[in-house]
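Asks: Annotations per Swiss-Prot:
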- H131, H135, H141: Zn(2+) binding site (BINDING)
Amino acid sequence: MILFRHMEINIIVKPPFKKLVSAQFLKKIASETLKAQAADPSSELGIVITGQEEIKELNCKYRQLDEPTDVLSFYMLEENPENLTAPDDFPTPPDEATHLGEVIISYPQAELQAGAAGHSVNHELAFLLIHGVLHLLGYDHHETAAEAVMKSHQDIAMKHIREILE
């Protein structure tokens with residue numbers, strides 16, 4: 001018997017933002033981004049929409065920056081200290097999912113940035129979610145070359161989800 005597991009995307013929208021954010025919208029954006037990046041179909045991902053205070057606390061605790069930010073990504077896969085990788089045909093339990101991590105987005109920050117950029121809050125939320133998911137998939141922007149690669153993937157993903165935004 002072959003078991004197929006579908007991507008599981010868990011979403012928490014904190015109470016002040018429940019009427020402002022569609023969990024279904026976030027799920028579609030994350031799902032399309034993961035598919036476009038050929039992520040493991042058994043992947044799991046968590047998304048949290050929160051406020052400025054909570055994201056500021058997390059930013060301070062984990063990045064030592066005492067200020068709010070728009071999005072934080074928490075990578076959950078453990079780094080392998082011996083740099084070992086299992087062969088492609090290595091057996092894994094059929095129901096064992098790969099938990100990529102958590103993407104935390106500040107709704108108020110997204111709202112501010114959307115206003116400054118002249119587009120909708122949903123457009124900004126989609127961009128931030130794509131950005132966060134790409135971080136979980138290993139993309140980064142600390143060096144110029146890596147930043148160009150990540151920006152290219154963000155642009156492709158934004159074009160891919162254009163229909164969802166309309």
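Note: Cβ is positioned from N, Cα and C throughout, glycine not excepted.
A description of the local structural setting of each listed feature is requested, covering burial, neighbours and distances.
Replies: When secondary structure is read from DSSP and collapsed to three states, H135 (Zn(2+) binding site) falls in the helix class.
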Asks: By Cβ count within 10 Å, point out the most packed of the binding-site residues listed: H131, H141.
Replies: H131
Asks: If you draw a 10 Å sphere around the Cβ of H135 (Zn(2+) binding site), how many other Cβ atoms fall inside it, taking every protein chain shown into account?
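Replies: That number is 20.
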Asks: With H, G and I counted as helix, E and B as strand and the rest as coil, say where DSSP puts H141 (Zn(2+) binding site).
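Replies: Coil, per DSSP.
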